[in-house]
Amino acid sequence: MDPACSTKRRRVGDPGAQRADRPGTKFPEVMIFVRESKMGSSRRAMISALAREKGFGVADSFSTSVTHVVAERNQPKDVWIWLKKVSAKCGLEVLPEVLDISWLTDCMESGCRLPVEDRHRLKDESEEEVCTKSPSIPIYACQRKTPVNHLNHHFTCALEALAEGAEFSESDGRALAFRRAASVLKSLPFRVAKIEQLRGVPCLGKHSIRIIQELLDLGACKEVEQIRSNEMNKVMKVFMSVWGVGLKTATRWYRDGLRSLSEVRASPSVKLTRMQQAGFEYYRDLARPVSHVEADTITAAIRALLPNSFITITGGFRRGKDAGHDVDLLLTHPDEGGEVGLLSKLLEHLNEQGSVMFQDYRDNTYKETNAAGFNESKSTMDRFERCFTILRLPLSPRVTSHKDDKVTGRQEVNEAVTSHYTTNLRKKIPEPGERAVRVDFVVCPYSQYAFALLGWTGSQQFERDLRRYASHEKAMILSSHHLFDKQQNTFLHANTEEGIFTHLGLPYLEPSYRNA
């Protein structure tokens, strides 16, 4: 009979409680239990001894430290019935791998731990029946609930690292495939412990499945580690950590032979934009995450400056994240047209307080764009009035020395912004106890507020799939400005996000479930 799991008899030093980190073990992450059934005690002892000589940890009795169970000439059903029984006695929740003896003999012959292939597995037929009966996972992220804290970080981080590496190599198709794979794993209501659990799950290509399988088998993936240690990828990540530096700029710097931020600053051939200058000037502060408390404090201060307007925090904070790189605020006014001049008024307040360390204003160009042409455009960028700022925290108390708080017309606003706000970088270094924080202000008409709120809340993958669903499944075009029905050749109006979901025939997802 196979030695059963017995916590009562086990004591320190008992062979059944051997640890894989004992001296001489080459593979500390592996603890093998060789099942005696159909094998006999003599052959089991010989195989166990050979495996130990090759550096594998082998347990004399089954325990919670076992990671791999191997068997010879056993029916999979019999092994799984036994394993579930002894695991229940041990209180083991995540079951070990169940493999044919061929995996262990292959490993001993090669002298290293080999990946587990499908031919090695003794599959649990009862689990396969359950998997085939489980509800299917929707293909679009906008149809799946994806919380902030999901259960498969180990796999999604690896896939997102591969996506990032593909983007650095300008392979957008591969990058998107990896991001879709990571997105669907984030939505799973269970922790992936076996590859069989992913049968029927969409968006998982052969490459992604192979990565997940290697992570399950070895706890790490050679390809992922190579991507993370690649010099170009590491340098590109550093370059892109500077505000205002995107993929094209980082790639150009790298191809020019630059390898550090200090080399970029010292290079006479590098011409920095105003935003990039600010990114370098306040690099340390901007590299620090913004907390939810800081974001709420900023939002409350802006609401106090514009008491008759609607100020909504968007982005990751609205989706429930505890920290972020910046604060995105959506501004509107309940009266259509009342939003005109809001941003000018706000910037005037903040500049008088001395809170503005940098600002880059962009005017609203949507009104000047042909609506039909914009709908047919592949661009997903909106055309709202906005200002990218760096503010000094904490924000100063409100200064009330304005001569006239009346909101001015659009042309006067543009002239004021051009003459006063689009200046060179102001050298305002934070004092002790202060810090620089990125805050983006976006202004929209109230009639477009629901669409803008939906678009600016994210996540990026959620928004991408939402637009794709609208186009492929409903023959509609969705943007942060509107929803256009191509079949009816008309705009569909909505005052709330729920209304937009209704137009699309989708169940409404709260922002906290849009973290695809």
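Each position is counted from 1, following the chain as shown.
The backbone N, Cα and C atoms fix where each Cβ goes, and this holds for glycine too.
Features as listed in TrEMBL:
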BINDING   ASP326, ASP328, ASP440  Mg(2+) binding site
DOMAIN    22-121  domain 'BRCT'
REGION    1-23  region 'Disordered'
Densest Cβ neighbourhood among ASP326, ASP440 (binding-site residues), 10 Å radius: ASP326
Tally of DSSP helical, extended and coil residues in the domain 'BRCT' (22-121): 41 helix, 16 strand, 43 coil
Cβ within 8 Å of the Mg(2+) site's Cβ centroid: which residues qualify beyond ASP326, ASP328, ASP440? THR314, GLY315, VAL327, LEU329, PHE388, ARG438, VAL439
Long-range neighbours only, meaning 6 or more apart in sequence with Cβ under 8 Å: which ones does ASP328 (Mg(2+) binding site) have? ILE313, THR314, GLY315, PHE317, VAL439, ASP440, VAL442, TRP456
